[in-house]
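Taking it in order: structure first as structure tokens, then the write-up.
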């Protein structure tokens, strides 16, 4: 074994390498370092020298007091602790996810697709794009340079069927040249649908204060997001422009592909529906080929100048400008239903909204708002008293409540102050709030807040009312007391069993400010408790909206029973066996078809109602004309 000084003189050694593996020794200079010893040698209390014997300083168990040390016998400068007495303390820290990796199969920037795979690394402040080819430099995209992020999770309707999963980034025009190679402000990354949870976690990790996170609302927007377009102004001669672009770049637009192919993805999709779609495309092409346009000329130029390249590119037809016209020629957005048929705040449903009810599709806000409005109108006829005690916000309420202003501050109550000018929330027993966060629907139901208002009429005449003066349980008793069906609470119904502490805090703060502004009552945050209900869990990633609507429908049928089963522990234990029957899971499986049938039935009624109104208005116009014929123009006399 070498001495510590000899070890320090060695060029390969360092002072930090001499430290024991269980912690640093005392002393800051190399001269104070203690040589490393084996675990057996560490059992000794100290290092002895031949000149001076070692003096034990430990207290013996049998002796009542510590032994005295002679003046001529001094202990060594550093006493080693025994190996068995040294403990390593490593406190457990809560690990937070700092980086989320999402592998992509194809990418696109600069106006064209790039078939090379890679990986997206999401952090709070930026997105890093790294390819498997290490020669390609890593692209760093700060969040401040993002203008919009759109999450695509497939699309299927009568004319377009594509299970493409992708993330489309739109950069700010003034900063796009700092990121991409070329003049395109769009970046597109296609990934495997099996990695949808990684995409969800990555988008949730980003700081979304500087950009908007959206999803396509129509098949046309879905296809446009999959088409990387250059931002330069095209001259009047588009054929020459396309010819120069094809010569200078290796674009997948110029690869040899079938003339008419369906949009595809890294995973196969159902090919049975492709025959009818293919026949429609061919028929539309025959009718549109007679009209020469700039887009058709560009398409012919791309096909004629095709060279040997990646022949397995499945997105060339989807990205071409000609296919945009053929695929969506018959998919025009038309209104099929306006509900209610008359009155204010009616909801218009188009044919593209109806495709959101297909299997595997996410419900949009139009479908959710429509069914919530339908349930409330149905409740007004069947149970008027319960309808009077219930208020349902639309899907935009929570989004407005949590949005931020130009200065980056959350709007909160001031953003939705005018929403309740004609509604007294504290006279309502149940308040339903649909919430959509990161493309996931869940439900918040506020119960029994009418019990928070003071009952004594004399207290209402005071300028300020503090809830501590009302006969309410103290804060300590409220925390210990169990929730009952009559307790003021905010219930969260989530089919993915996620915790939503932020949503509970936002809604609780809103109620506190609403009570102070409308009723001049000071409420405490402990007066309104939050609870995550145990509800059935979805088996896929697209039925969250279906489950949320089912929870609302089931709640409006028997609200007190649902609250009791959710809050009372005794009822939760007894109803555990009848959980599936309690939530009527069989109806969830057929709810998409039921909603389609409901919309089609109401659509026929709405169209027939419009025809009757048009006929009645036409007859009234004819009567007015007949009455006008009897009128005579009198001359003006002085």
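Placement of Cβ uses the backbone N, Cα and C atoms for every residue, glycine included.
For the residues 227, 526, 590, the entry in Swiss-Prot flags phosphothreonine at a single position: 526. Secondary structure at residue 544 (active site), taken from DSSP and collapsed to helix, strand or coil, is helix. Note: the Cα of residue 544 (active site) and the Cα of residue 440 (active site) are spaced 6 Å from each other. Under the DSSP three-state reduction, residue 440 (active site) is assigned to strand. Counting every protein chain shown, the Cβ of residue 526 (phosphothreonine) has 13 other Cβ atoms within 10 Å.
A 10 Å cutoff on Cβ-Cβ distances gives residue 544 (active site) a total of 21 other Cβ atoms nearby, all chains included. Taking the Cα atom of each, residue 494 (active site) and residue 440 (active site) are about 9 angstrom apart.
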